[in-house]
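The domain 'Deacetylase sirtuin-type' annotation in TrEMBL covers 1-261. Residues or ranges marked as NAD(+) binding site in TrEMBL: 22-26, 32-34, 107-110, 201-202, 225-227. Residues or ranges marked as active site, proton acceptor in TrEMBL: His129. TrEMBL lists Cys137, Cys140, Cys161, Cys164 with the feature Zn(2+) binding site.
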Amino acid sequence: MQDVAENIRERRCKRVVVMAGAGISTPSGIPDFRTCRSPGSGLYDNLQQYDLPYAEAIFEIGFFHRNPNPFFALAKELYPGNYQPNLTHYFVRLLHQKGQLLRMYTQNIDGLERHQVAGVPPEMLVEAHGTFATATCTSCLRKYDGEELRPEVMSGAVPRCPTCKGVVKPDIVFFGEELPLSFFKYLTDFPLADLLIVMGTSLEVEPFASLAGAVRSSVPRLLINRDLVGPFAWGRRPHDVTQLGDVVTGVKELVDALGWTQELDALMAAGNSEKCLISENFKTYISKFSWI
Ligand code: CNA
């Protein structure tokens, strides 16, 4: 870890690729699939009432066409605005601000990395499994902004296209659907990368998982995760580094070793106060209508 930190600090690594999964958002309060599978998790318990044959059915396109209700129960929970980014998301933004991020590849659909949230610009981010920010009618293919669906999703209804009455599906990639074109940026990014950071993922979902093997064999790969996963468990390379345990603690250690702690704290504080300012402005705006 110290060597990795030194390489970043001394700017020997200037094309860092980050691969992330649900584990970076559990500290923000969003359960990952593992937690979802275990009874006792709020999300899992919520989904029980929908009688899913198995947890992953919620992301199967065939199941969705038969019964979209469980997916929209999850969508209501995960819709942008319900959760806040944590230190791991801001670390990626800081890496970008330092000019050392080549790209972040995330499997997450919570949007916490995004420009409007943790501040990773769109061109730096590949949301490999899609996003709630846009949506498409499953019948006439009309495009929608995610915000247009918010009232229906939040009221627990299945959003319908006003034109054809088809179900409008957020642009989340379901099992059995094509990955977004942006995913294929990996073809040029990974051979260029000089460091790969993998965090908060079980590396079980393909084709995303295989990207971990797409960097050159001389390139160091750093895993920050609760457990050993993918090639870190079965195909270690000489330059691989693993930091096992809580992801926030692991990233914090890296940030401390980099000497970036103050900058990261400032970035997070600014992010939080921006949100407070927005909500204060909103409160002021709303108070003007208090006579209603
Ligand atoms: P996963 O299969 O649930 O694996 C998560 C990994 O993160 C596991 O190895 C955990 O041990 C590890 N982990 C969880 N919390 C922590 C923590 N605090 N510190 C360290 N390690 C931790 O999730 P993947 O992302 O690998 O699987 C891909 C699926 C999950 C994608 O298709 C996602 O769309 C889907 N998913 C996304 C979200 C989200 O957007 N936040 C939530 C749940 C599921």
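Each Cβ is built from the backbone N, Cα and C atoms, and glycine gets one as well.
Where the annotation comes from TrEMBL, it is an automatic prediction and has not been curated.
The two recorded residues, Asn108 (NAD(+) binding site) and Cys140 (Zn(2+) binding site), have Cα atoms 27 Å apart.
Following the DSSP three-state reduction, the secondary structure of Cys137 (Zn(2+) binding site) is strand. Per-residue confidence over the domain 'Deacetylase sirtuin-type' (1-261) averages out at a pLDDT of 92.
Ranked by Cα separation from Cys161 (Zn(2+) binding site), the recorded positions Ala22, Ser25, His129, Thr201, Arg226 are led by His129.
Annotation note: Ser25 (NAD(+) binding site) sits in a coil segment as assigned by DSSP.
Closest to Cys164 (Zn(2+) binding site) by Cα-Cα distance, out of the recorded positions Ala22, Ser25, His129, Thr201, Arg226, is His129. Close to ligand 1, meaning a Cβ under 6 Å from one of its atoms, are these of the binding-site residues Ala22, Ser25, Cys137, Cys140, Cys164: Ala22, Ser25. Closest to His129 (active site, proton acceptor) in space, going by CA atoms and restricting to the binding-site residues Ala22, Cys140, Arg226, is Ala22.
The binding-site residues listed here are Ala22, Cys140, Cys164; among them, Ala22 has the most other Cβ atoms within 10 Å of its own Cβ.
Each of the recorded positions His129, Arg226 was assessed for Cβ neighbours inside 10 Å, and the highest tally belongs to His129. Cα-Cα distance from Thr201 (NAD(+) binding site) to Cys140 (Zn(2+) binding site): 35 Å (rounded to the nearest whole number). The Cβ of Asn108 has fewer other Cβ atoms within 10 Å than any other of the binding-site residues Asn108, Thr201.
Around the Cβ of Ser25 (NAD(+) binding site), a 10 Å sphere holds 27 further Cβ atoms from the protein chains shown.
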